[in-house]
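Data block below; observations after.
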């Protein structure tokens, strides 16, 4: 009876694929699911089996397109070597992972239990800790520390030999510096490893191959002379080991002088061939900056003894560089083909089942009557003001590296009172523009809608203001005046938002001047918010792009458009949080974060999910890197959460043009010519790809990623397959694991199987999605082994998670054939088998977490505002009203300020005067000297003395509607408030929360702390409660402050009160001096002042 009920629920679609074994079928049931967990695809399986300890192949280049799983393939290869090294009794070699993206590889290893470095339970615990740490909202919380500790423990397992680790992870720079240690003698002589080599062309800064063949000998000579010390520990670890180098094109790129490639070349060539480490190199674009990099690539890829005459290749062997351009020599490409045989894996996967469709907006352009291949552009004619500025560079301008902004925009020029004057031109040079704008008068800045963003340690000089707006005030020239390109970008963004949902990635290679920082200001000037700002009347809706004041749509709620930004000057932890939020499934449509602006830090190693639009504002050095930028958003399975009709990415490639083409278009034309030469080398490199016969890549016409290509395949009679090494080399174990995953997936489809039915289903090709190998070749012996390993026995319960149920597979003897039933487990982890087995949905008790630290903080320090308000009214009937600033926490003051502004509390005139005296609260009269800002609050009812805003530690909040309780935030500097006023030379006072109390603390001024050399971080004076200071120190401070009482008869508590009140009085006086909030001396930090960070930097 039980079996009859269960068998009646067999899966519908897909039944017939397996033959009669799958009848009867329920026509309404779901199809068989995809196999769960990580499954290596064919290309990954092939290279894993090709490059392993049991094959003779020493070096391999994974030339796979971006997003196809190079890192997983490299880890799979490394796992085979690790399994082999574990059999060594002593002196086992190491696996070195070197590259700028090594943390990405570590992350993959720790989030994929199928790779064998972590268990499923550890991954579940990692996800749990990640969730809790994210809820804490702080990278320094207890929860975040627990997460970091857990991750560190897992990482140590990879690198600690005592814990079974076989890996070493290095950045390229770190690896080179640790391999080549400059001695003190070498430092005295300013020795540089690169000095061992001459330069063939100083302008290109590339190595001379006439000397490169002797570099091992030269390094040995330098070591003998005491200039350098080669790290023998690293050399011994690499002897017979494995070297994985990610993004290999970075080690020999001519754009930047480095010794990364020399370090790799040295460790590969310093050993006899049979002791040299194996090597796996990875890159979607192995040659980038110059076609001549092929020489460096082949010298790394081909062992020395297999190169012509046993010597490194030289550039003159492959290239003719006699004229104005580089050309391939005759037979050079044939040599590349021959040398790359057996050493290159090529993968270009365009399967639309897994990858989003790539769509180019715009049109193809020509430069000087030559059509530019491959790329479509959004043509952006320069504005007249840009053209006038370009004329300053002459008739055929050569754009220097500090003049790159001319490609994008120009800035207002203080040389001209009005930018619309005849012959007026703008600024664009990165060395001149910041100085010129910084020295401009306040009147000129206001007249031209420019606001200076003062630089800080992590924020370089930048500008904002209405000159970046599409709709500026009538007397100000707006964005269209200064940039045709950015005007078009802004119009396209608004059009995309109006047309529907979809996330946008904006790329610019630069950070400063016309780079990502100004893009951030352009978005904000046109109604798009950053991650944290509150909406105001001009904020745009993420659904219809209307501004909030005009938002009349009844079919949807107003949701502000928001953006985030990633660049090298943002803390890594902040970048990771922003990226996680942008990629989150909850942000699929972009209503939490619609736009991400990224600099060149996003070109390699980062993945973006479900991006529908990519806007490229500048060329990233060369075309191969442009391909890398495309690959950030076109990745395998990157759009699987979107509906099928939305699995595409539209790419906007913006270029500024002039009537005769322009310098930016000329740059693209030159780089595309260079890229054609690189493509010819790529074609030769890939012709004999080791997996060409399995991937069956055939490219009929030129495309961005490849010239026409047909793999060179020579049919051969290989005879019968030799199976006697199948088990010995571990392939049988891999097959058992694969079959186990298939069996679990089948039990997700139906809970009861007979042995023959199950074997039939397992061996049926394409029955379950995600299996790329030929099921018909499975061994039934391995199937039986997999089934037994999953089945319940009384001695050991095999727990499985099937359809969200904690299950086991029960083996039930029956006639005529035994049954295998997926039975749920009860709380004792015993299988339950009855008539409801197939529908019972048992789940273990859900765990709930409480943030203890947050609870304690709230319960100990927060009192209801009403309680504090009543206490305030009672305490300050007779006390000096200024004392309110130091007796109540920031939460009370901010609530009070908003109540004063919104509700106009009666009887609070004295408190309002205190807030105004310390420049904490602002009336309409206070804002009137700033016309651009006054426009924001001019419509707010009330006379000149009406409060309209208050200062926080980061900004000034201005009321825009008392009824709706909406605010507009502006930077502090816009009201001439300098957050970094110079501290006095005596002592600094401030209040700090201790439980429900506020304690008065003092510390030395920051300039004194900087002068003192502190060798022990524990000795860094971060401040202390005044009463805990020594009596002598208290009296010294009081004397320096001019407190003229008889201090010997005053208690420590009274003395500290005198010091506190004195500092508060001096702070008020300093603020009320002319320009006091800009240049006044700092004595006391109030509740809304940001304290400088005190960290030990030595």
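Glycine residues also receive a Cβ, built from the backbone N, Cα and C atoms like all the rest.
Matching 238-241, 242-245, 246-249 against Swiss-Prot, the residues noted as motif 'DEAH box' span 246-249. Among residues of the same chain six or more beyond the motif 'DEAH box' (246-249), those with a C-beta under 8 A of the stretch's C-beta atoms are 61, 70-71, 74, 97-102, 105, 281-283, 285-288, 293, 297, 300, 604-605, 624. Neighbours of the ATP site: apart from 64, 65, 66, 67, 68, 69, 70, 71, residues of the same chain with C-beta atoms within 8 angstroms of the site's C-beta centroid are 284, 347, 631, 635, 636. Secondary structure from DSSP puts residue 64 (ATP binding site) in a beta strand. A helical conformation is recorded for residue 71 (ATP binding site) in the three-state DSSP classification. When pLDDT is averaged over the domain 'Helicase C-terminal' (489-689), the result is 91.
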